[in-house]
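As recorded in Swiss-Prot:
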- His684: active site, proton donor (ACT_SITE)
- Arg17, Glu18, Leu19, Lys20, Lys111, Arg505, Cys506, Trp551, Glu595: 5-methyltetrahydropteroyltri-L-glutamate binding site (BINDING)
- Ile421, Gly422, Ser423, Glu474, Asp589: L-methionine binding site (BINDING)
- Ile421, Gly422, Ser423, Glu474, Asp589: L-homocysteine binding site (BINDING)
- His631, Cys633, Glu655, Cys716: Zn(2+) binding site (BINDING)
Amino acid sequence: MKIKTTVFGYPRIGPKRELKKALEDYWNWKISKVELLETANSLIIQNAKVIQSSGVDLIPSNEFSLYDFILDHSVMFNAVPKRFNRISDPLDRYFAMARGTQELPALEMTKWFNTNYHYIVPEIEDEEFELMENKPLREFALLRDSLSVKTKPVIVGPFTYLKSAKLNMDRVERLSEKILPAYKKLLIKLDAAGVEEIQIDEPAMVMDMEEREIELLTGLYRELTKGLTLKVYIQTYYEAVSAYEKLVFSLSVHGFGFDLVDGKENLENILTLGFPSDKVLIAGVVSGRDPWRTDFTVVMSMLERLFRVTDKIMLSNSSPLIHLPITVEAERGHIQEDILNMLSFANERLEELTILKRAINDGAALPARKSIVHEIFSKAEVRSKISSIDEKAILRKPEFQERYRMQMDSLKLPLFPTTTIGSFPQTKEVRKFRADYKNGKITEEEYKKFIFQEIEKAVKIQEELDIDVLVHGEFERTDMVEFFAEKLKGFAITKNGWVQSYGSRCVRPPVIYGDVWRDKALTVEETLYAQSLTPRPVKGIMTGAVTILQWSYPRKDISRREIAYQIALALKEEVLELEKRGIKIIQIDEPAFREGLPLKRNKQDEYFDWTINSFRLTTADVSPFTQIHTHMCYSDFNEIIDRIYALDADVISIEASRSKGEILSAFENFRYDHGIGLGVYDIHSPRVPSVEEMIEIIERSVSLIDKSLFWINPDCGLKTRGWQETVASLKNMVLAAKAMRKREV
């Protein structure tokens, strides 16, 4: 029997970030709705052509989204909060749900599992669902008519969709009965339209599962697939399926897709427990998350073992390709060849699947490949420092209460001190100067002069707004990780390696190919210049080791712990130099602290062990008079508040404005006695919040948090916002702080 290939999650942004440009042009009234949708359809067809031409057999559809695929499902099933009903245009309503408007707060946005992709959390009010728009059918028809190809529509399954809404299990069970008819109607319509195969993504199946969840899933798919002629495949990824035997042998579907790269236990389960003889095994053998070339020898060995269990195998990627840039070819001449030859992005994954298929079906020889060797980029001094770390001795002294008193006496800050997270708006002019400098159109001297002028502007604006602790604005930084990766040894920066983070926001994850170390200052010059302009304290701001690691592509030959420690030691040198040069507040941003948390509970303690140590390693040797801040993005804060406390940062700011109720509930059960700033407004939306809105958040916060420890700040950096809305929002934030201080007089 000849095996086939399929893929899923191909990047939707376009090879030249066409989606980003079209979205931002539409939001800025530069193009019409018709033009935006024409771009979308063009990208859908273009992506399908790329997959088709690579030799992949089963081509996916319904994977394109104008903003987020979970939001697409909310709109498709009419899970639209009532506050958005006043917007009559469906497309504008869709974007308002994602981004908010001046009058309407956006839906919450959070990380998708343990990735750096953000999704829009469903906000389910009515508990009534209806199939309003059949987007999967529309895209199936578009590709059928354009390319004469029958595609495999991809949808998110009901279990994962409801779990993504962050509901308790009682509500998930109740809503599953309500949403099932809408899903059923969708599948019936696809079946009637000639769809032969459908992929239903249920990555929530890799989480730890209770017995009632297993029963719910079994019942859902029994009803969902009843009477259908199309083949239903359940796709899982990011980890091994939980309750393998109970689910895989009982769910009424045609096949299962398993991650055999990050879910090693899947392979063990198949080999020891077997696989249903009447189902297809979709083997995820090429990685959707890391950029390293597939080792064909290892994969062929694994497939030989799988063929002893079942001959019904289809080859695929392990997880959505959306986490990879589009092609390595776009980096030729930019990244050195010996590093480039180690890499494989989305298009190369398609090629790898075809190579494997031909080797199995036709006996074609596998191409000769040198093994990936990171050791040639090693540094003995770095290895020596890592081996001498005493993890039990990484502690700050004295205790927090004494340190904080010393710091606040020295800094002379008022009650409810105000600050921002770090970045200020990066205008077109800022981006142009940076591009001109990188392309050799202006000199380093001209570029630095411009950056220093922007720093002067930012400091002046902050002083005029009467903000207490200032920042330099980060105008020299393209991205909070890329900036440090460019300056540290051991990282490669791509030129076109864009990956979608959310909506129109794209990032370029650096590639860690060797040992990491610091051979020059990273932030000192800009920070000292800003401090020279003002008597107010200016924060030195750096991205922490865990976030740099999590938002990069790590090497695979050593542990993530060791990579994080290498980065932490490099950052520690920078922290101590900033302190030596007179900077009194240093912020180590760790927005991805929780993001890399293993999905299985039994693997989480080990993760927290090295992530906490990485932060402490960066900060433990500073003076007690130096105040250490950290910033984190919200994601299930309640579950990890004790781990965040263990970082022993003097002040933490949290991205919490879209989920403030959930954040505050954490403090009802945990006495957090360090400094804390809960973001008082949402920077992901262009709306300017009122003073009253912010005061309400502060009041709720200080009912649970000691007011002497409470800081007031936005919930994230301001890089993506415009100056007008930034100044207006910060003005209201300072007014809110002053109003709170007056009450305490």
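If you go along the chain as it appears here, the first residue is 1 and each next one adds 1.
Note that Cβ sites are derived from N, Cα and C of the backbone, with glycine treated the same way.
Residue environment of Ile421 (L-methionine binding site) contains 26 other Cβ atoms, counted within 10 Å of its Cβ in all protein chains. Of all the binding-site residues in the list Gly422, Ser423, His631, Cys633, Cys716, the shortest Cα-Cα distance to Glu595 (5-methyltetrahydropteroyltri-L-glutamate binding site) is found for Cys633. Within 10 Å of the Cα of Gly422 (L-methionine binding site), the following binding-site residues from the list Leu19, Lys111, Cys506, Cys716 place their own Cα: Cys716. Between the candidate binding-site residues, Leu19, Cys716, the densest Cβ environment within 10 Å is the one around Cys716. Sequence-distant neighbours of His631 (Zn(2+) binding site) (same chain, 6+ apart, CB under 8 A from its CB) are Ile421, Gly422, Gln587, Asp589, Glu590, Pro591, Ile652, Ser653, Ile654, Glu655, Cys716. DSSP assigns Leu19 (5-methyltetrahydropteroyltri-L-glutamate binding site) to a helix.
Of all the binding-site residues in the record (Arg17, Leu19, Ser423, Glu474, Cys506), the one with the smallest CA separation from Cys633 (Zn(2+) binding site) is Ser423. Spatially close to Ser423 (L-methionine binding site) yet at least six residues away along the chain are Val471, Gly473, Glu474, Arg477, Met480, Gly717, Leu718, Lys719, judged by Cβ distances under 8 angstroms. Counting other Cβ atoms within 10 Å of each Cβ, the lowest count among the binding-site residues Glu474, Asp589, Glu595, Glu655 belongs to Glu595.
Fewest other C-beta atoms within 10 angstroms, among the recorded positions Arg17, Lys111, His684, are seen around Arg17. Cα to Cα, Lys111 (5-methyltetrahydropteroyltri-L-glutamate binding site) and the residue listed as 'active site, proton donor' are separated by 14 Å. Annotation note: Cys716 (Zn(2+) binding site) sits in a coil segment as assigned by DSSP. Distance from the CA of Arg17 (5-methyltetrahydropteroyltri-L-glutamate binding site) to the CA of His684 (active site, proton donor) is 20 Å.
Taking Cβ-Cβ distances under 8 Å and a sequence gap of 6 or more within the same chain, the neighbours of Cys506 (5-methyltetrahydropteroyltri-L-glutamate binding site) are Ile13, Arg17, Lys20, Trp498, Val499, Gln500. Taking the Cβ of Cys633 (Zn(2+) binding site) as centre and 10 Å as the limit, one finds 23 other Cβ atoms among all the protein chains shown.
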